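**Student:** I have a structure I would like to understand better, so I am pasting it below and will then ask my questions one at a time.
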Amino acid sequence: EVQKHSVHTLVFRSLKRTHDMFVADNAKPIPLDEESHKVKMAVKLRTEYGSVLHMPTLKENLREKGGTNTGDPYGHKQYSGNQGQELEYLITGTHPYPPGPGVALTADTKVQRMPSESAAQSLAVALPPSQSRLDANRTAAGVGDIYRHAGISERSQPPGMSVAMVEAGGNKNSALMAKKAPTMPKPQWHPPWKLYRVISGHLGWVRCIAVEPGNQWFVTGSADRTIKIWDLASGKLKLSLTGHISTVRGVIVSARSPYLFSCGEDKQVKCWDLEYNKVIRHYHGHLSAVYGLDLHPTIDVLVTCSRDSTARIWDVRTKASVHTLSGHTNAVATVKCQAAEPQIITGSHDTTIRLWDLVAGKTRVTLTNHKKSVRAVVLHPRHYTFASGSPDNIKQWKFPDGNFIQNLSGHNAIINTLAVNSDGVLVSGADNGTMHLWDWRTGYNFQRVHAAVQPGSLDSESGIFACVFDQSESRLLTAEADKTIKVYKEDDTATEETHPVSWKPEIIKRKRF
């Protein structure tokens, strides 16, 4: 019968057996193999010192330093080039070094390999005295020579400085010059934007807005549960779509088919056929209000995000839920798609941004820099970068790994929406009705707008829920809490002289987080 022991006893016995097996060799150094050591040292010499191995040491240098002992603190044996003649060149060996890490350097432990006499003699014979001195002066100028030329004593310099001297080509000023503090580059000038049209017609907050790919009309979704389609040029209402039973929170028009997609606080995601103006598909699965949606630019895939802390990927045609992207710990407020990796980006009320692998349905990167809810994310149309908006900051990031670029500070409000055009104008719209316009590259805030509310509205109804540029990027449309859509355009009369950039090249004080 096998005696049963506790796990502790068994582990202890196993450890004891292992210890007994290896105790004889414990801390015993591995014997040095001469042949392999020679090969190792030859390789090391060639790779690390190959460029200077051919350089002889000048006899004059040693004389200046007071003889052989001062020039060679390690007391190496010196090999003469031509025996019996006046010494023209001296060849020194490598410094002594211990055989392994942690071993004290003593006379018994030091390992030293000197150049062979035959090699030293052949080098000295090959160079005639007159020519050799010129070559040595040209090629073998050491750090000491550079210092002497600059009028500095060699020993007075810290060891790190010598490298800077050599890399700078011996130019004293370039190495010793203090680095200038980084300054903000001058921002590109952008003309200011001005309000030129206010469109009213909704009976509730206008929560979302999208422009169709042909740039003929745009669509809005509202808290009055309707979706309205407006003519972009005239601002006139073309069509109203009813079907949602709660606030419409997201709309998008497909560039690949004549479909409009919408989502709302009624947990519904609908696909509208714009040839018949009817709902042709429902996408069921979210357990709570659906806050946003986006279409993939190259494949027939729809992505939605919800208050149930998930984002879902849907096959547009089959209505099947391809993936449920779970990982966020609070409502997912915004989602964006792109053709390049990572193909899906989500921002959440749990303060994180996640970059997702579309194929695997898993998180690639989680960005935790924000301290408050991330309600808005926007992708730059040309650069491989994106921005995220939160009450603490607007942050810019680099794809594919979400490397932090810079903070855009100053919009101290709950940022509901971000939009950016190819010209590098970033727009942030906030819950208090303020809109800030930024230069994307430098993060310079070149304009602040706070449009008046519609007559008859309370001042507290000043709020921007969504904004978007039209396809020509010459118009900016905002969806607002006073039940209107406001349309802005660039001021054609403005010039850099009439609206100069009030920019000072101050030292950057960017917070990393």
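Glycine is no exception: its Cβ is also placed from the backbone N, Cα and C atoms.
Per TrEMBL, the feature repeat 'WD' maps to 199-240, 241-282, 283-324, 325-366, 408-448.
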**Student:** As a quick check of your reading of DSSP, tell me how many residues in the repeat 'WD' (283-324) are helical, how many are strand and how many are coil.
**Tutor:** 0 helix, 22 strand, 20 coil
**Student:** Across the whole of the repeat 'WD' (241-282), what does the mean pLDDT come to? Round it, please.
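**Tutor:** Summarising the repeat 'WD' (241-282) by its mean pLDDT gives 96.
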**Student:** What same-chain residues lie close to the repeat 'WD' (325-366): Cβ under 8 Å, and 6 or more beyond its ends?
**Tutor:** 288, 291-298, 301, 303-313, 372-379, 384, 386, 388, 390, 397, 399-402
**Student:** Checking distant contacts: for the repeat 'WD' (199-240), what same-chain residues at least six beyond its ends satisfy Cβ-Cβ under 8 A?
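**Tutor:** Apart from its flanks, the repeat 'WD' (199-240) reaches 246-253, 255, 260, 262, 264, 272, 277, 454, 463, 465-472, 475, 477-481, 483-487.
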**Student:** When you scan the chain for residues with a C-beta under 8 Å from the repeat 'WD' (408-448), skipping those not six or more beyond its ends, what do you find?
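**Tutor:** The answer is 184-190, 192-193, 373, 375-383, 387-391, 393-396, 462-469, 473, 476, 478, 480-481, 501, 503, 511.
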**Student:** On the DSSP side of things, how many residues of the repeat 'WD' (408-448) fall into helix, strand and coil, could you say?
**Tutor:** 0 helix, 24 strand, 17 coil
**Student:** Give me the DSSP three-state residue breakdown of the repeat 'WD' (199-240), ordered helix, strand, coil.
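**Tutor:** Looking at the repeat 'WD' (199-240) with DSSP, the answer is 0 helix, 24 strand, 18 coil.
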